[in-house]
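Q: Would you mind keeping the following structure in view while I ask a few things?
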């Protein structure tokens with residue numbers, strides 16, 4: 001009885017240890033997947049851009065650069081090849097030598113500049129939109145300035161007719177004076193002709209006096 005009793009509790013101990021190991025393995029695998037970092041395509045483009053070789057970067061040199069960056073090249077060899085093919089098909093990389101994933105690769109300057117230009121254009125358009133609103137205000141101010149100039153110009157036009165009217169008025173008195181001067185000598189001439197007419201009745205008065213004298217003689 002004493003021999004069989006201690007054997008029973010020893011059996012469940014190894015059964016408890018096995019699930020702990022499985023959990024630890026799962027956690028380690030999950031940690032590796034999480035710390036994988038950026039995608040392969042980004043790492044490849046960075047490695048190609050960093051190289052100064054004119055002929056391009058070979059696959060072996062690419063793998064070395066990726067390994068130096070901390071990327072597991074041996075496990076992700078197929079991913080590197082697929083990433084290279086996709087980058088070549090997109091136009092971000094240009095294959096200078098070889099075919100497929102093997103060969104040497106170079107950054108496509110046109111594609112890189114094309115990606116940079118739209119960003120620069122958007123930033124430039126955003127900057128240009130802001131001064132456009134500010135530029136509208138000076139236009140309004142310019143419109144008011146032109147209106148002020150037009151109002152200033154109009155009195156000048158009004159002054160010219162006034163000056164012309166003044167000049168005409170100044171000229172007209174001269175004419176009036178001339179007419180008055182011409183008319184003035186005529187009136188005394190008329191008066192001179194009238195005076196001899198008034199003298200004629202004086203000659204008729206002696207004629208009426210003659211009959212009075214004859215009547216006195218008859219008496």
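Heads up, residue numbers simply count up from 1 along the chain you see.
Positions of Cβ are set from backbone N, Cα and C atoms, glycine also.
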Q: What residue among 25, 54, 79 has an entry for citrulline in Swiss-Prot?
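A: Matching 25, 54, 79 against Swiss-Prot annotations yields 54.
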Q: Among 36, 113, which is annotated phosphoserine in Swiss-Prot?
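A: Going through 36, 113 one by one, Swiss-Prot annotates 36 as phosphoserine.
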Q: Of 34, 152, which one does Swiss-Prot label N6-succinyllysine?
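A: Checking Swiss-Prot against 34, 152, the N6-succinyllysine entry points to 34.
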Q: Here are some residues: 18, 154. Which is flagged as phosphothreonine in Swiss-Prot?
A: 18
Q: Tally the residues of the domain 'H15' (36-109) by DSSP class, grouping H, G and I as helix, E and B as strand, and everything else as coil.
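A: Output for the domain 'H15' (36-109) reads 36 helix, 11 strand, 27 coil.
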Q: Given residue 52 (N6-(beta-hydroxybutyryl)lysine) and residue 106 (N6-(beta-hydroxybutyryl)lysine), what distance in Å do their CA atoms have, once rounded to a whole number?
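A: Their Cα atoms are separated by 10 Å.
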Q: In this structure, which of the modified residues 64, 90, 106 has the fewest other Cβ atoms within 10 Å of its Cβ?
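A: Counting other Cβ atoms within 10 Å of each of the modified residues 64, 90, 106 gives the minimum at 90.
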